[in-house]
Amino acid sequence: MQRGTAYCGPACRANSAPLGPPDPADTVLLLESVEGKRQRGAYGKPQCGNHKAELWNSQAGHAICCRDVYTVEESPPGLSLSPEITEVDSTLVERLGQRLLPWMDRLSQEQLNPSIYVGLRLSSLQAGAKEAHYLHSLKLSYQQSLLRPASNKDDNDSEAKPSMGQLALYLLALRANCEFIGGRKGDRLVSQLKRFLEDEKRAIGHNHQGHPRTSYYQYSLGILALCVHQKRVHDSVVGKLLYAVEHKPHLLQDHVSVDTMAMAGMAFSCLELSNLNPKQRNRINLALKRVQEKILKAQTPEGYFGNVYSTPLALQLLMGSLRPSVELGTACLKAKAALQASLQHKTFQNPLMISQLLPVLNQKSYVDLISPDCQAPRALLEPALETPPQAKVPKFIDVLLKVSGISPSYRHSVSVPAGSSLEDILKNAQEHGRFRFRTQASLSGPFLTSVLGRKAGEREFWQVLRDPDTPLQQGIADYRPKDGETIELRLVGW
């Protein structure tokens, strides 16, 4: 008997007329119920006229209308077509979640991070009352900053408001609490996000020769956030992202692009399942297939997609694929093994990266926010027990700091305590010499905006490298250089 898969999205409807018992020759199906909860052991004969199928629901005994039925061949013995990740050591997962707890006590507008809330809600862990308090703080902060009237007297008013990506993550946080955005305030937030997307669409241009003012990552995230709230965006907005995936190879060149492709893929997955842009359906299907292929090609010999930090988002996309294959299942198992090794080495410290990984370890993705399960049991996190550090004389290390891409260049050795972050080293250099730098806060931590008085322009950024010419995978607050290491800050264009 052939295995198959049917996915019924939010638009499905149940027919109240019961069907007869399933025929033994019928295709075995895994289907998504109207409420969005998976039910195994359902049966049915696909009748795909007008993209619908009548399926026998073994639990409810009703016919369910689906837009499409996806079938796959039986997997060969010993191999699974499923891209699911097998269970990871619960102790490692708990330690990962514990690293988020201190961040949930940081409630300033600059440090509030909706991704932390989303990650926990899609994980197997919970923070108890702290979760509700954190969501309340998010609501107060985002509504006050985004909905207050603009002031002509405050030139920094626009800078203080959350970015498009932050607003999109805030909408995901609401959906993670099973809330649909609505009401007067909610409609205004939706309108703001749609305006952001329209502004980005205009920046890209009618002939697609321009670029988003932010990034295609934030553009994709904005579409995804509106989609999970069942808010339709114009076909032309979706079309810009489709064109970028179809025609812009620079989206596929490095680990940052794996993140971007994964987020674009999740936006397409949501649009495909929700059928909010039916005229774009064929292009969305093809683009989703292309994204999946490109991410699989980006897998490293170690198993990562791009690198260790881009792998969680890639797995969020691939695990929810409606196009399972032996290649996909094998690639995901290899990535899971690499991630488990990284957990044992405490690689994940940044709260944004942790919040993207936790759903993967619970077989979830942002696309599951179409129909979140807010009643699923989750283990209560307890703060990690810390052993008091023993008093000892700190060891110092020397790091060579270089600046290139501007004139005059800079080269200076900095002595700092071992274990100092790169941000600490930059601060030390600023306090004891002519070095100057400025940063801007982001959800992934501070990033460089100005070095030695030279601010990065519209199509420029300050790249951070370590010898020999290796771009850092971590931010300046997370990376800890070793003794004798050379760090270079290089102004580059893109």
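Positions of Cβ are set from backbone N, Cα and C atoms, glycine also.
Using a 10 Å radius centred on the Cβ of THR214 (cyanocob(III)alamin binding site) and all shown protein chains, the other Cβ atoms total 17. Taken from TrEMBL, the feature cyanocob(III)alamin binding site covers THR214, SER215, TYR216, TYR217, GLN218, ASP259, ASN307, GLN356, LEU472, TRP494.
Counting only residues at least six positions away in the same chain, the Cβ atoms of ILE223, LEU224, CYS227, VAL228, VAL367, ILE370 sit under 8 Å from the Cβ of CYS270 (disulfide bond). Marked as disulfide bond by TrEMBL: CYS227-CYS270.
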All-chain count of other Cβ atoms within 10 Å of LEU472 (cyanocob(III)alamin binding site): 15
Number of other Cβ atoms within 10 Å of the Cβ of CYS227 (disulfide bond) across all protein chains: 29
Per-residue Cβ crowding (10 Å cut-off), top of binding-site residues GLN218, ASN307: GLN218
